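Peer 1: The structure's right below; bear with me while I get my questions together.
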Amino acid sequence: MGDRPKSQGSLTLPELHIDLLRRIIGSARVASDSLIYSYHRSFNGFAARLTQAELLKLAAYEGVVSVFPNKIVKLHTTRSWDFIGYPKNASTSTRRQQSNMIIGMLDTGVWPESQSFDDSGYGPPPKKWKGRCQSSSNFTCNNKIIGARYYNAEEDYGPDDIRSPRDSEGHGSHTASTAAGNLVTSANLYGIANGTARGGVPAARIAVYKICWSFGCSSADILKAFDDACADGVDIISLSVGGGPMDYFRDPIAIGAFHCMKKGILTSNSAGNSGPTPGSVANGSPWSLTVAANTIDRKLTTNVKLGNGKIYNGSALNTFQPKKPMYPLIYGGDAPNKTAGYDGNVSKYCDSDSLDKNLVQGKIVYCETGSQGDGAIAAGAVGAIMGNNDQGDVAFPFPLPVSLLNETDGNNVVKYSNSTRGPTAVISKTVDYLDGSPAYAVYFSSRGPNTITPDILKPDLTGPGVNILAAWSKATTVSGEPGDKRVVPYNIISGTSMSCPHVSGAAAYVKSFHRTWSPAAIKSALMTTAQPLSAKYNPEAELAYGTGQIDPIKAADPGLVYDAREKDYIRFLCGQGYSTKQLQLVTGDPSACAAATNGTVWDLNYPTFALSAARSGVSVSRVFHRTVTNVGSANVTYKATVKAPANLKGVSINTLDVNGTMFSLVHAG
């Protein structure tokens, strides 16, 4: 993907794209039909349907930087903002400054009727706004949701997909309200987590770019959404989507974020939900923010009471109030569907069709570790107890009452069931409480190291991503599973998809104070003021949580920032081995990659320092260069210190060249 050329003759970029396809395919009509998207508003590229032979021919064509297939990637609040020290009455920029902020949400769309998106009290969109609203009979924008588009290059629609920017999944409404939703009092899920729902910048405007459907999110749609969003006039892009780690120049999110960075727009990305596997972190480009997920101090507990009076604390999100004091209890291993050929070794996991309906219907069934519970639902159980509590503090919803117990408590339930005539149990409705526990990176949050550039630390930081209450779509249900009939305005879900919009909102908050700051400066402010987390809960330390949990208030006044511009990332890419031709065609920069100008990864002015070693026990020495810019008080003195990680041995700092360890700065604007 290259810059839009300064001159393209008499033809428009879409016409040039069709002309190039005509030369490859041989027919102007077929070329026009094969073109899916022309990326022409913010950068230069296109998406087209091609045969393998045509693809190879295009890849060899002069002027083509790269050709890669369309890939499908996945989607990776009342208490969370208070937990990170950002209360409703926090010092803010003026409402007018905040209402000039526009956050572009690339997600599943939005449910515009939600109270979180009501436009009462809002004036017209900011004058800088150049976007549009793809309105339809069932969707209109307002002065809160000022723009909305939808994309589906695959033309693949499931039975529940809505062909408009309207959200049929719930995910997009949840992330949008987390980033910039209005203050909504008494928001809750069936009374659970009751409080005031709000976004990071409640007065900000929202621009919606629907890129995800029931099948996933295609890279062609992602790039087109970036192309539009950067030209429409958004200030921050929030994208809770991703696949596995991939080379920057084959990564549509990295490509889109790079071109938006050049226009002064920061992209906030989710790190992914593939943790705690090492090296699983996604969206690792150094010009965008990579956000991990941390816990908050609000816990959800779903108790199980047995007929013998024993009570066990479990997790899961259960909105159902029991209608009876007790229900019959049966162990899944004692109820195999023998007619279908199953025995107790399978039915104990409650897999689909493995349970005998005649034995399970109307009872609570206990399922062994590894169960998803779908068999219990299909067999007509009134509830399920699962020995599957690897989730820790994370509570997931099910279409029926469920509680997940730890291994010890689960074994006690099985012993009770096997030793008691007519065993009974009841699953209580979930209750929430604050326990004052510190934040830590949750188990599912993807971990570093960064496999694309190991010496760039990823993730960058964390945001709240566990049991987050936010707006939901009324086109779906609480769990989204068959048989679930609960339609709600607010729902509780978890993921780095939830932490990402927290950071997007924080970035917009910082930018509302500092409109001229570069994306790198905003990113630096958030990273250098983050609250470090404890390695006690995360032995992977910074590879799990980066610099720590965001602190928006401190980020608005960071003192110093590590700034970087397009030229710095170009030098970095040259140092990564990209050719001059690739660089010029991708970035539009006239500079050539040369040994004299190439930058090393250790010279990129990044807010963190990382150094990889080929193997343990090897001494590694490296020089890092950094430049800080004073954005704080007019005259200030700082002291530079270095503290080696406590879990590393033999780390030594020979020199620290900052004109001495004490240095003075004047305000840079």
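For all residues, glycine too, the Cβ spot is worked out from N, Cα and C.
OK, TrEMBL features for this one:
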type	residues	note
ACT_SITE	D107	active site, charge relay system
ACT_SITE	H171	active site, charge relay system
ACT_SITE	S497	active site, charge relay system
COMPBIAS	160-172	compositional bias 'Basic and acidic residues'
DOMAIN	15-76	domain 'Inhibitor I9'
DOMAIN	99-546	domain 'Peptidase S8/S53'
DOMAIN	327-429	domain 'PA'
DOMAIN	603-649	domain 'Subtilisin-like protease fibronectin type-III'
REGION	157-177	region 'Disordered'
Peer 1: Can you give me the Cα-Cα distance between S497 (active site, charge relay system) and H171 (active site, charge relay system) in Å, rounded to a whole number?
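Peer 2: Spelling it out, the Cα of S497 (active site, charge relay system) and the Cα of H171 (active site, charge relay system) are 8 Å apart.
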Peer 1: So, three-state DSSP: helix, strand or coil for D107 (active site, charge relay system)?
Peer 2: strand
Peer 1: Find, among the active-site residues listed as H171, S497, the one whose Cβ has the highest number of other Cβ atoms within 10 Å in the structure shown.
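Peer 2: By the 10 Å Cβ neighbour count, S497 comes out on top.
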Peer 1: Summarise the model confidence on the domain 'Subtilisin-like protease fibronectin type-III' (603-649) as a single mean pLDDT, whole number.
Peer 2: 81
Peer 1: Using a 10 Å cut-off, grab the number of neighbouring Cβ atoms around the Cβ of D107 (active site, charge relay system), all chains included.
Peer 2: 29
Peer 1: Which residue counts does DSSP yield for the compositional bias 'Basic and acidic residues' (160-172) in the helix, strand and coil classes, in that order?
Peer 2: 2 helix, 1 strand, 10 coil
Peer 1: Please work out the helix, strand and coil residue numbers for the domain 'Subtilisin-like protease fibronectin type-III' (603-649) from the DSSP assignment.
Peer 2: 1 helix, 7 strand, 39 coil
